[in-house]
Every structure is written in C-alpha cells, then in structure tokens.
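What TrEMBL records for this protein:
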DOMAIN    94-251  domain 'Sodium/calcium exchanger membrane region'
DOMAIN    281-419  domain 'Sodium/calcium exchanger membrane region'
TRANSMEM  72-91  transmembrane segment
TRANSMEM  162-183  transmembrane segment
TRANSMEM  195-213  transmembrane segment
TRANSMEM  233-253  transmembrane segment
TRANSMEM  274-292  transmembrane segment
TRANSMEM  312-337  transmembrane segment
TRANSMEM  349-372  transmembrane segment
TRANSMEM  378-399  transmembrane segment
TRANSMEM  406-426  transmembrane segment
Amino acid sequence: MGSRSHEESPWLLENGNPKVLTKDMRHGRTAHNMSSSSLRKKSELTVISKVPYGFLRNFLANLQEVFLGTKLFILFPSIPLAIIAHCFGFARPWVFAMSLLGLTVLAERVSFMTEQVACYTGPTVGGLLNATCGNATELIIAIFALSNNKIAVVKYSLLGSILSNLLLVLGTSLLCGGIANLRQEQKYERRQADVNSLMLLLGLLCHMLPLLFRYGGGSPAVVAEASLNVSRAASLVMLCAYCAYIAFQLWTHRQLFEAQVDNDDEGQNDSEEAVIGFWSGIGWLVGMTAIMDLLSEYVVQTIEDASNSWGLSVSFISIILLAIVGNAAEHAGAIIFAFKNKLDITLGVALGSATQISMFVVPVCVIVGWILGIKMDLNFNLLETGSLALAIIVTAFTLQDGTSHYMKGLVLLLCYIVIGACFFVQTTPSDQLNDEVHNVMLKPATDAVFRA
C-alpha cells in the first residue's frame, strides 16, 4: 500500500525513495513549526488517487493538502470575499475584517509550506527559512503601512505583537496548562527563557534611548534628529544581535531550542513524510506571499475606516485586534501544547516570536524607512514604551525559576487585560495620528527654513 502510494505520488520521491522527515530534520523543527502543526489535519487522497492523469492527480492532491489540510480551512472564503468587497466598493470595515481573517489562515499555511520545504533543504536551511517567514504577516503589514507613511500604525502593530506573545499567549498557555496539569509539576528549559529575556531587554534598551532624548532638553528639531540617528544605529546593532541569536539557536546551542517530543510523538513522526514537493512548496510560498501582500495592503488602507466605524481607536485595533486575530493559529497551537504539558514548545512560540519581532522585524522597518527616506525611529512614545518595559520585566520574573503553575499565567493574562483597557480608553483620532507623524517629519525642514 505504501509503495503504491509513492508510485502514484512521484513528486514526493528523492532518488527513487520517498522524502521522509528524518530524525535530524525533526530535531531541526522549531517550536513555531510544532505549534502550527497542531492545527493541521490529515487529508485523505483515496478519491484523488483514482484520477487517471498523473499531472491532474498531482495538481488536485496539492490543492487538497493546501486548502483542506488545516482546521482553519473554513476561513479560506474570506480571501476572495475581501478581494470582491474591495473591487466592488463594499463598506471598508468589511474589507478590513475579511482581510484580517484571510491573513490568519495564510499565516498558518505559510508555516506549513516552510516546513515542507525544510524536508528537502535540511534542518539548518529550514530553520533559517522559518526564522525569516515566522512573522511574515507582521513584517508585510508593517512595510505596507510604512510605505504609506503610517508610522504610528507600524509601531502600534509591532508593539501589539510583542505584548500579545509575552502576556496573552504565554499567560493563557500557563493558565490553561496549569489548570489541566494540577497534579503534575510543570517544568521547562530555563536557559532558553533566559536567552530570549536577554534579547528582549536589549531591544527594550534600544527603544528607551530615543525616548529619553525627548526629556533630555534641546530644541524639538535637534531632539528629533538625534533620536532618528540613534534609532538607525541601534537598529543595526539589533540586527547584528539577531544574527548572533540565530547562530546560537541553529548551530552552537541548538539543543536549547529543539522542539522536544515524547515517545508517542516520536513514533508518530517516524512515519511522517513530505506531502508537497519541493518546487510545489516554493510555488505555493510565492503565491501565498503575494496574496498576503494584497490583503496587507487592504488592511493598511482600511484600518482608519474600521476605527471610525467601530468606534475604536487606531491604537487599540493595531495593538490588540491585529495581534490577536493575525496570529490566532500560532497562539492556539501554543495553548494546545501547554495543555499537553510541553511548555518548552509553548515558550519557544511565545518568546521566540516576541524576540523575532523585537530584534528583527522592528529594526528592519527602521532600515527600510531609512532607505525610503521615511523618518521611522524606535521612539514608541512614553505609554507604549512603558507598557513594553513592564511586560518584559514581568515575563522575565515569571520565568526565572524554571517551573510553572496557573497563577503565573493568570498574572500575565491580567497584565494584558489592563494594558488592553488602557489602549481601549485612549481616544486618539486617526487624523490626529497622521498629523503627528506629518509634523514630526516636517520639523527639521521647517527649522532649517527659519534658520535661513
């Protein structure tokens, strides 16, 4: 039966043998991959295997694996609905909502495709690919918002992703895992948490220094220029630190970040094989990225209309809603593994994603803004930076002893609720946000004109 299946699936063969996810490749899988895999389901190819034409059979098998191989398949209709709503001029808040739901399922499918490609490239290249695509949704939305001069939206959305991973995802996971495992002591690899906490603290330092320039005295134009220059220099340092972090994670200390599996999972993974061919996986990755680009553009264009229609501030939508809905698949996977008392995977998802956004996505946005001539800096304002600092400090204290219980998760979750309530009552109109960004960008030029 197995040999017949491989004869009917020649796109999965390598040197005449089926491409199997070997033990080394399994240990190369990151917690992000393991988390997303919890939302996948096995597709039955019984009917498709009876199709007489090989090319058509392969094409239909790929379609079934891509569209029906996830428990989130019900969200796929939101993608064409978002495009139709945009093309026919439907209410823009509906375009925003449909686009956000479409990005949710696409983010899970991109993670699936990176894992399929990693079956052919090996654990190291697969790990690098995952490190790049792990937070593709946030990066694409941020770059589109940046290209539209919506710097406030960029900062809010990235801040929301970090806060949701540290407080909401980790808090909910520890709370649910603690309740589900009351009679067991929950332990995790503390050294992994220490490394991620150090990286987050370094990122916090780079955020605080540009903010402190505002309170150091001097004219607004001089302060803005100094803050921008420090932000760009700090972004280069953050990218260097992130490269070292990747080397630390994938080569020198890989054992600290490996997604551990138990005996049952080991037996299940022994028979795990790639279900998508290499070039098919690359093609699907490119196509999904293009669709994510389109939906991200819709989100950026309609976020202010959604804010006005729903009576919610842009800051609340960007920090809370974008972060929760956009990463729902990854977050749900982390909680599922916490129920199974696999906190190393949960921590890898929450802390790893927060570290990637803080030390990679944020500085990349600053550098891209530098290239485009947009004055994007690391000054996230006092309230936002203070919330980030408290979230990192509380998380670091929570994870310092290597054990967990439901009370730790409850405290983290309550911290997130308080911060969310703070941004809910913050009523900063979207036009005022744009005016603030516009004024900041014009200050140096205006000052120069007056000096002349």
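In case you wondered, yes, glycine gets a Cβ from its N, Cα and C as well.
Heads up, TrEMBL stuff is auto-annotated, nobody curated it.
Quick caveat, the model's predicted, so the values are computed rather than measured.
Looking at which of 195-213, 274-292, 378-399, 406-426 has the most CB pairs under 8 Å to the transmembrane segment (162-183), the answer is the stretch 406-426. Long-range contacts of the transmembrane segment (195-213) within the same chain: residues 166, 223, 226-228, 230-231, 234-235, 237-238, 241-242, 245, 248, 256, 347, 351-352, 354-355, 358-359, 362, 377-382, 385, 388-389, 392, 395-396, 399, each at least 6 residues beyond the stretch ends and with a Cβ under 8 Å from a Cβ of the stretch. Counting residue by residue with DSSP, the domain 'Sodium/calcium exchanger membrane region' (281-419) contains 116 helix, 2 strand, 21 coil. Within its own chain, the transmembrane segment (72-91) has Cβ neighbours under 8 Å at 39, 98-99, 101-102, 104-106, 108, 291, 294-295, 298, 309, 329, counting only residues six or more beyond its boundaries.
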